[in-house]
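Q: So TrEMBL has the following annotated:
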- 25-43: transmembrane segment (TRANSMEM)
- 27-421: domain 'Amino acid transporter transmembrane' (DOMAIN)
- 49-67: transmembrane segment (TRANSMEM)
- 96-117: transmembrane segment (TRANSMEM)
- 137-157: transmembrane segment (TRANSMEM)
- 164-184: transmembrane segment (TRANSMEM)
- 204-223: transmembrane segment (TRANSMEM)
- 244-267: transmembrane segment (TRANSMEM)
- 294-325: transmembrane segment (TRANSMEM)
- 345-365: transmembrane segment (TRANSMEM)
- 371-389: transmembrane segment (TRANSMEM)
- 401-423: transmembrane segment (TRANSMEM)
Amino acid sequence: MSSTPENLSNTTTASDGEPKASKRWAISMFGTAVGAGILFLPISAGEGGVWPLLILTIIVGPLVFLAHRGLSRYVLSSDREDADITTTSEDHYGHAIGMVITVLYFLAILPIVLIYGVSITNTVDGFIQQQLHGPEIPRWLLALVLVGAMMLVMLFGQKLMLMITGWIVVPLILALFTFSIYLIPQWDFSAFSQAPSATGLLTAVWLAMPTVVFAFNHSPAISQFSLAMREEHGDDANAVASKTLGLASTILVVFTMLFVWSCVLAMGSDGMAQARASNDTVLTFMANTLDNPIIAYAGPIIAMAAITSSFFGHYLGAAEGAVGIIRAVRRTPREDFNAKTVQKIVAVLLFVITWLVAVANPQILDIIEQITGPVIAMILFILPVVGIYTIPALKPFRRQWVVNAFVVVFGLIAISGLVTQFFL
C-alpha cells in the first residue's frame, strides 16, 4: 500500500547503481511525507512556544528514522518475495489479525486523503479571493473541480502520476528551503527568554506529538520500497534499506524543521494559534496576514504543490487498502478476484467521500490529532516492535531494547492523544 506504484521498483533496478536508486527512493518518500502535515506542523508544534519545539527537534530525527526502519524490517520479515505489509501480517498472525492490521492501515491513510481534499480547497479558495481578488466560488463547486482534477490524474494511470510528482518534488524542496531563508529577517528570538514550567513544557510536547508523527510519516511508501529492496539487493535488503531510510529521514528533518523554525520565529506562538483558528495551512495564513507580496503569492502556490504531491501517493494507499479489505472480507482467491471492477467502485466512493468532506470543511488539526496521528502511530511505532518480539525472523533485533523502548514510548504518547480527546 504504497505511495509509489508497483512498477516503480522496475525503474530503480540495481543497474542504476545503489546511490542513484537510493536518492530516487529518498526523494519519493519525501514526496509522500511533504504535504498538509508539514504545512500544519508549525502551527501545532509552534503553539506551545520555542522550548517544546526545541525538544521535538532533538528527538524527531532518530524517531522518524528508527520507526520507518522498523516498519521496513517488518515487511522484509516475510519469506514471500511479493509480500507487502498486509500479506506479511496475515502470514505471521493469521487471517483475522491480518484483517485487523489491514483495516488499521487503511484508516491511517484514508483521513489523510480527506485532509488533502479540505486543504487544497481552502488554499485555492483563499488564493482566489485574497491574492487574485476574484469572486467567491461556491465551495461545493470549487471542491468538486479540485478533487476531481487530482482524481483525474490518477485515472490516466500511474505513469502520469509519477511524472507529475517528479516535476513537483524537487522544486518543492528548493521552494521550502528558499521560503525558510527568506523569513530569516523577520525572526524574533524574544520567546527564548520566556521559560515555561516543566508541566507546561511536557504538555506542549505531548499535544504536538500526533501532528509530528503525521508530518514526517512516509509509511505508505514503505511496503513497495521494501519490496524493491528485496528484489534488487536480496540478503542485503535490510542494510541498503537502512541507508536509504537514513537519507530520506535526513532530508525530511533538515528541510522540515528549518521550515518549522523559520515560520515559528517569524510568526510567534500567538500567530500559530491564529493560524489554527483559521483552519488554513501556515503558508496560506502568512500569505493572508503578512504585508509581503512575495509571500502572498508564493505561500499558497507552495502549499498547493505540497498537498498535490502527497495526495497522489496517499490516494493510492487508501485505494489499495480498500481493495485489500474487500478481498479479505470476501476471501476470494487472488486469481478469481475482479480487481479492476472493485478498483473503479472504490475510486468513485473515495472521490465522493473526499468531495463531501472538503465541502464540510472540518477542523483539519482535529482530524490529525484525534484520528490520523494515533492510528499511524499504531502501525508505524507499535506494530514493528511487536513483530520483533513475536516473529522469529526479527529475533536478532530484540537485543536493541533501548531503541525498541524509545520507539514504543513515543508511539504511545501519540496514541494517547486519541484517548485524551475521546475520554477526558
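Each position is counted from 1, following the chain as shown.
From the backbone N, Cα and C atoms, a Cβ is placed for every residue, glycine too.
Curation does not apply to TrEMBL; its annotations are automatic.
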Q: Within this structure, do the transmembrane segment (204-223) and the transmembrane segment (25-43) have 3 or more Cβ pairs under 8 angstroms, counting pairs 6 or more apart in sequence?
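A: The transmembrane segment (204-223) and the transmembrane segment (25-43): touching, yes.
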Q: With a Cβ cut-off under 8 Å, give me the same-chain residues at least six positions beyond the ends of the transmembrane segment (137-157) that come close to it.
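A: Non-local partners: 116-117, 120-121, 124-125, 128, 164, 308, 311-312, 315-316, 347, 350-351, 354-355, 358-359, 361.
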Q: Considering only the recorded stretches 49-67, 96-117, 164-184, state which has the highest number of Cβ pairs under 8 Å to the transmembrane segment (345-365).
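A: Looking only at 49-67, 96-117, 164-184, the most contacts with the transmembrane segment (345-365) come from 96-117.
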Q: Please indicate, using numbers and ranges, the residues of the same chain that are 6 or more beyond the transmembrane segment (204-223) and have a C-beta under 8 Å from a C-beta there.
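A: Distant Cβ neighbours of the transmembrane segment (204-223) are 1-4, 25, 28-30, 32-33, 37-38, 40-41, 44-45, 47-49, 51-53, 55-56, 60, 63-64, 68, 71-72, 75, 84-85, 108-109, 112, 196, 248-249, 252-253, 256, 313-314, 316-317, 365, 368-370, 372-374, 376-377, 379-381, 410, 413-414, 416-418.
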Q: Under 8 Å, at least 3 Cβ pairs, sequence separation 6 or more: does that hold for the transmembrane segment (96-117) versus the transmembrane segment (294-325)?
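A: Touching, yes - the transmembrane segment (96-117) and the transmembrane segment (294-325) meet the threshold of 3 or more Cβ pairs under 8 Å.
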Q: Under 8 Å for C-beta pairs, could you tell me which stretch among 49-67, 244-267, 294-325, 371-389 has the largest tally with the transmembrane segment (164-184)?
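A: Per the Cβ count, the answer is 294-325.
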